[in-house]
């Protein structure tokens, strides 16, 4: 039997007191186990760091990584496999989260958030 899983994206408000120009949009993708999922997040305001979180029902958000806009580097959180997660900036300030070799445990809601610092905001 071929199992699939769903990844859902939502957008958190930015981590500063300034007004936001986020395009709030939800998307849902379903991919087979073992494949790669790509989730897109759109930001209009220029921010230094794009953070990605995974949320599972009845659990606290898990910070996965952040993307450093200026150096174009992905910094995966300690304890997570850097070969599994990658982030990058696509065209028109569209940021992408790539999750490779999907497993059932990757099912959940994924959030992106723009912060002016690299430390995750909880």
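Every residue, even glycine, has its Cβ placed from backbone N, Cα and C.
According to TrEMBL, the features are:
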{"type": "DOMAIN", "residues": "13-122", "note": "domain 'Ig-like'"}
{"type": "SIGNAL", "residues": "1-18", "note": "signal peptide"}
Taken over the domain 'Ig-like' (13-122), the model's mean pLDDT: 82
DSSP on the domain 'Ig-like' (13-122): how many residues come out helix, how many strand, how many coil? 6 helix, 51 strand, 53 coil
